[in-house]
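Trainee: Here it is, the structure in full.
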């Protein structure tokens, strides 16, 4: 797996992210990717070789291991990181499309006053508004869904986040209920809790960023509405509307008073 490519893609999105989004990217690569690549692979590197059962029945050990660990912790975490990071591609593609359209308009002479050259367009920080706001918030929403889904799958597959010292297995072809042991269960439990905690932190950061974007949108719309109300044209329209209402009211009163009794 090429983690450098993943870092390049998400690092490009980091330029256009909010402050909370930049913290999320830092947590992803320092507390999850680095731990997974550097430490977790060393801890889980011997998981099947050192899985021992107190029986010599052929096939019993393999069947019990497959029953208790249907998917490797490392592979599941790697798959989770891929799914969680993939929505960032939506933002990257949207920004690339925006820059392409801006460069095309610049070549046709429509954006000459805003940019000096094409390199200036590439260096521009795209603001999260308009259609990009919807793309960005959608990517955050999908990240939250993926984080929650993988945490549930992890809990469902392994019956919790704690690795026991002894596993009881009575699946065929085991002759009876046998005891199986995994290597370094305490250390693996610590790493498991750490990775789950990092997932929870990332999910909370995503929720906080989503709330921040929603509040910012409401504030921007409120400010825009207030500016429109304070605009001279808006005041002139209100003045004309009030005059029309007064004329209609006066004409109605005159019609009532002139009506023969």
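Each Cβ is built from the backbone N, Cα and C atoms, and glycine gets one as well.
As annotated by Swiss-Prot, topological domain 'Cytoplasmic' applies to 1-22, 99-131, 216-261, with the evidence given as sequence analysis. Per Swiss-Prot, transmembrane segment is recorded for 23-45, 76-98, 132-154, 193-215. The feature topological domain 'Extracellular' is assigned by Swiss-Prot to 46-75, 155-192, with sequence analysis given as support.
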Trainee: Taking the topological domain 'Cytoplasmic' (216-261) alone, what is its mean pLDDT?
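Mentor: Overall, the topological domain 'Cytoplasmic' (216-261) comes to a mean pLDDT of 62.
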Trainee: Cβ under 8 Å to the transmembrane segment (132-154), counting only same-chain residues 6 or more beyond its ends: which ones?
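Mentor: Long-range Cβ neighbours of the transmembrane segment (132-154): 16, 76, 79-80, 83-84, 87-88, 90-91, 94-95, 98, 126, 161, 196, 199-200, 202-203, 206-207, 209-210, 213-214, 217.
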Trainee: Give the residue counts of the topological domain 'Extracellular' (155-192) per reduced DSSP state, in the order helix, strand, coil.
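Mentor: Taking each residue of the topological domain 'Extracellular' (155-192) in turn, the totals are 12 helix, 8 strand, 18 coil.
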Trainee: Same-chain Cβ contacts of the topological domain 'Extracellular' (46-75) under 8 Å, 6 or more residues past its ends?
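Mentor: Answer is 36, 40, 157-158, 167, 169, 171-175, 178-183, 188, 192.
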Trainee: Excluding the flanking five residues on each side, which residues at least 6 beyond the ends of the topological domain 'Extracellular' (155-192) place their CB within less than 8 Å of a CB in that stretch?
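Mentor: Residues packing against the topological domain 'Extracellular' (155-192) from afar: 35, 39-40, 43-44, 46-47, 50-55, 57-61, 63-65, 67-71, 73, 76.
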Trainee: Using DSSP, break the topological domain 'Extracellular' (46-75) down into helix, strand and coil residues and give each count.
Mentor: 12 helix, 2 strand, 16 coil
